[in-house]
Amino acid sequence: MIDLSSKTALVTGGTRGIGRGIVEALAQAGAKVVFSGRTEATAQAAVEELAARGITAYGIGADVASFAESAALVEKALAHLGKIDILVNNAGITKDQLFLKMSEEDWGQVINTNLTGIFNVTKAVIKPMLKAKYGRIINIGSVVGSTGNPGQVNYASTKAAVIGFTKSLAKEVAARNITCNAIAPGFIATDMTEELSEAQKQTLLEQIPLKRLGTAADIAGGVLFLASPLADYVNGTVLHINGGMY
Ligand code: NAP
C-alpha cells in the first residue's frame, strides 16, 4: 500500500475521466489534493460527486491555456495546501480532424491546452518546488505521441512534445530533488474515447493485446508509483500504460 499521507498534490483536469481517477487514488493514498476543472462549476460539481463517494478534495476552476488563470490556480492551491509536492499535468482536449480539413483554430486550441497548459501550470509551480527542494511532476502524454494517429496531427504533436518537455525539465531540476516523468496512456474509457464510433472502438480493441480499453484506475496506478518513494530514482522517463499495444 502506497502511503502519501505527508504529501500534497495538484491535479489539473481532475473533474472527469483519468484526472478524476488520479484525484481519487492520491486522496485514498492519504495525500491532500487540489484539482482543477475548466470552470468553477465543473470543479464544484466534481467536489460534490467525490464527497458523495467519501473522498475529500478541493476544486478550483481555471483554464490551463491561460497563463494568468494558471498562476492564480497555483496561488490558490498553495494557499489551501501550504506546499505542492506532486503536480499532475493531466488536463487535455482533442479536436480531431484529418490534416487537410484541420482548422487553425483546432490546431491552436489543442496546442494551447495540452502543451502550453503544461508550461503555464509548471511555470507557476516550479519556483516553490525549487525552494522546497522536493517535487514530483507527472505529465500525462499519450501513446499517440509515439505512434502517431490519423486525424490527430494536432493532438499527437502535443503529446510528442510532452516527452521532450518532460525529459528536458527532468535534467534541469533534478539537482533540487525534483523529478519529472510522463505517463503515456493507451486508449482509456473516458468521455474522450466515448466520442469514438463503435466501429472505431472495435478497431482499437484489435490493436490491444489485453483486449480491453484501459480504466482511469490503470493510469492512476502509474501516478501513485511515480509520486511514491518507490520511484525516487525514476526521472525523465515515459511510463507507457496501454495494455501492450505499443
Ligand atoms: P476527459 O474525460 O475529456 O477530461 C478532460 C479533463 O481536462 C476534464 O477535467 C476537463 O475539465 C479538463 N480540461 C480540459 N480542457 C481544460 C482547460 N483548458 N483547462 C483546464 N482543464 C481542462 O479526458 P481524459 O480522457 O480523462 O484525458 C485526460 C488526459 O489523458 C488528457 O491529457 C488526455 O490527452 C490524456 N489521454 C487520454 C486518453 C484516453 O484514451 N482517454 C489516452 C491517452 C491520453 P472540465 O470537466 O471542466 O471540462
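Any Cβ shown, glycine's included, is placed from N, Cα and C.
According to TrEMBL, the residue from Asn89, Asn90 that belongs to the NADP(+) site alongside Gly13, Gly14, Thr15, Arg16, Tyr155, Ala156, Ser157, Thr158, Lys159, Ile188 is Asn90. Counting in whole angstrom, Gly13 (NADP(+) binding site) lies 16 from Tyr155 (active site, proton acceptor) by their C-alpha atoms. Separating the Cα atoms of Thr15 (NADP(+) binding site) and Tyr155 (active site, proton acceptor) is a whole-number distance of 20 Å. Candidate binding-site residues: Gly13, Ala156, Thr158. Those with a Cβ under 6 Å from ligand 1, in sequence order, are Gly13. Other C-beta atoms found within 10 angstroms of the C-beta of Gly13 (NADP(+) binding site) number 26, with every protein chain shown included. Around Ala156 (NADP(+) binding site), the C-beta neighbours below 8 angstroms that are at least 6 residues distant in the chain are Ser142, Val144, Gly145, Thr147, Gly148, Asn149. When the alpha carbons of Ile188 (NADP(+) binding site) and Tyr155 (active site, proton acceptor) are compared, the span between them is 16 angstrom.
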